[in-house]
Amino acid sequence: MAQPKETGVLTSQVDLEVINQSLPAEKKGTHDDQRDMFRMGKAQELRRNFRFVSIFGFSMILMASWETMLGTSIIGLINGGTAGMIWMYLVAWIGFLAVNTSMAEMASISQDGCVCLAGKLVQPILVGKDLTCTPDGTDSDAAFLAGTQIQGLAILNYPDYVPERWHGTLLTFAVASFSVIFNTFLVKKLPLVEGIVLIVHIFGFFAVLITLWVLGPRGNAHDVFTQFNNYGGWSSNGLSAVVGVLAVMIPLLGADGAVHMSEELRDASRVLPQSMIATTVFNGAMGWIILITFSFVLGNLDDVISSPTGQPYIAVFYTATESYAGASVLSALVIFMAIFCNLSITATASRQLWSFARDQGMPLSSWFAYVRPGWDVPMNSIVVSWVVSCLLSLINIGSTIALNNITSLSLVAILSSYIASTGLVFWRRLCHLPLLPAKFTFSRSVGLFLNGFSMVFLIFAFIFAFFPGSPNPTVQAMNWTSLIYGAVVVFAIVDYYVRARHVYDGPVEYVRKLD
């Protein structure tokens, strides 16, 4: 009997039959799952543990919009103020709804999304940048937010504590390590845990919302919705608000993260699009409501920005409750969700790295793609995600605006991958080129409008994500994203010409047309 290749790439119908006969029930999925894997030329290696509720919970927690909005609010308060954050959030939410709907169509086509539509030369540049910059940058962002928020809570409760930036970095290491341990030894419980944490996400939202509206000071509606702030020193309030878009974009990222778990999802081509769109709608709404509430009970803006905790939302919680215990409990809800947000990002980052390595797209691909028998998780890729996350958090030691640098890096990497993905689909529709069949798709006219609108929004956001917080920054206050991002892109291109072009085929080479 023919045996499938060790690389995990299927070359014939016989390979598919051999694999399916040997697969346990939890790996097989539906007939459509098996068909899609065969069409992409891939052998099923991971368990299909996820269903709609668990993958919806996974995506909701990965985005964690209302919690992340509180964590990144200091960026928007400095550039934009309450009015800038509220209206830029609405613009970003509408934009990401279009983007994620476009991405949902690609997820229904293939777990590799746009990669299966790209030419052989474009793929390694597109995915190589995406894999080496996007997942681990986002991973470090979530871990850094959680670590520094824990430090802020310590400052609130222990007045004699003298905070150091390296303390926050070590706490970031701890959060990242927890995610690695969980994703390695407790990964079978991940779908169950995601469902439980989803309940905390929803009930925590109402706990914070009700507490702030009942106990917090009440601001003037006119000031909240119309008063802009320009502490960055830009030439106009409008430009300042646009520069502060980073604060409201980060909470809206991540609905597409479930795509990288598609090989662990049952009936992926149908469930993934539903989950992505539902996540964008519900998380986006929760984030905007919390942002408006936060802006109303903010109190004195200068006091909040200069709070010794370094976290405006912790200062607002204390002002509202007038209790260390009350503020600590509310803050702990936010921190708890930030930790599990990082856990979800670690899972999706490692799967994305593993998937690319399986196609020989990474240096040391065989090592990255190795899945230890019996574990059914890409352990090596998980460890690398942890290492990169820790290395990026070292920025905090030498930079006074580490949050800006890390979140900006995450944002530009994800936006550029969205631009490439959406741009490829837009180009194919514009040129009347066929797309692969999918359960969730649009007509040419609707798709052109959706993809075109998404492209305009993404390019706009991409440009401003590189901006520093002020027009004349010092070395310590500079946004070094352009340097890091550029270095990664150059590395991906050089690696392609030196190594990858000799061994890398990519998903487009494996795609089969099935009647």
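Cβ atoms here come from the backbone N, Cα and C positions, even for glycine.
Annotation comment: TrEMBL describes 50-70 (among others) as transmembrane segment.
Taken from TrEMBL, the feature transmembrane segment applies to 77-99 (among others).
Residues or ranges marked as transmembrane segment by TrEMBL: 192-214 (among others).
Taken from TrEMBL, the feature transmembrane segment covers 234-255 (among others).
The transmembrane segment annotation in TrEMBL covers 276-298 (among others). Within its own chain, the transmembrane segment (276-298) has Cβ neighbours under 8 Å at 56, 59-60, 63-66, 68-70, 73, 82, 85-86, 89-90, 93, 96-97, 100-101, 103-104, 107, 205, 208-209, 212-213, 216-219, 221, 224, 248, 251-252, 254-256, 258-259, 304, 312-313, 316, 319-320, counting only residues six or more beyond its boundaries.
Among the features that TrEMBL reports, transmembrane segment is placed at 324-345 (among others).
According to TrEMBL, the feature transmembrane segment maps to 382-403 (among others).
The transmembrane segment annotation in TrEMBL covers 409-427 (among others).
Counting residues 6+ beyond its ends, the transmembrane segment (448-467) has Cβ neighbours under 8 Å at 92, 95, 98-99, 101-102, 242-243, 245-246, 249, 408, 411-412, 415-416, 418-419, 422-423, 425-426, 429-430, 442, 479, 481-482 in the same chain. If you look up TrEMBL, you'll see 448-467 (among others) marked as transmembrane segment.
For 479-498 (among others), the entry in TrEMBL reads transmembrane segment.
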| Residues of the same chain, at least six outside the transmembrane segment (234-255), with any C-beta under 8 angstroms of its C-beta? | 59, 62-66, 68-69, 72-81, 83-85, 87-89, 92-93, 96, 100, 103, 138, 141, 228, 275-277, 279-280, 283-284, 287, 291, 345, 404, 407-408, 410-411, 414, 461, 464-465, 467, 469-471
| query | Does the chain bring the transmembrane segment (324-345) near the transmembrane segment (50-70), so that three or more CB pairs sit under 8 Å (pairs 6 or more apart in sequence)? | reply | yes
| message | Can you work out which residues elsewhere in the same chain, 6+ from the ends of the transmembrane segment (50-70), have a Cβ less than 8 Å from its Cβ atoms? | response | 89, 142, 145, 190-192, 194-195, 197-198, 201, 204-205, 208, 247-248, 250-255, 257-258, 261, 264-266, 271-272, 274-276, 278-279, 282-284, 286-287, 289-291, 294, 312-313, 333-334, 337-338, 340-341, 343-345, 347-348
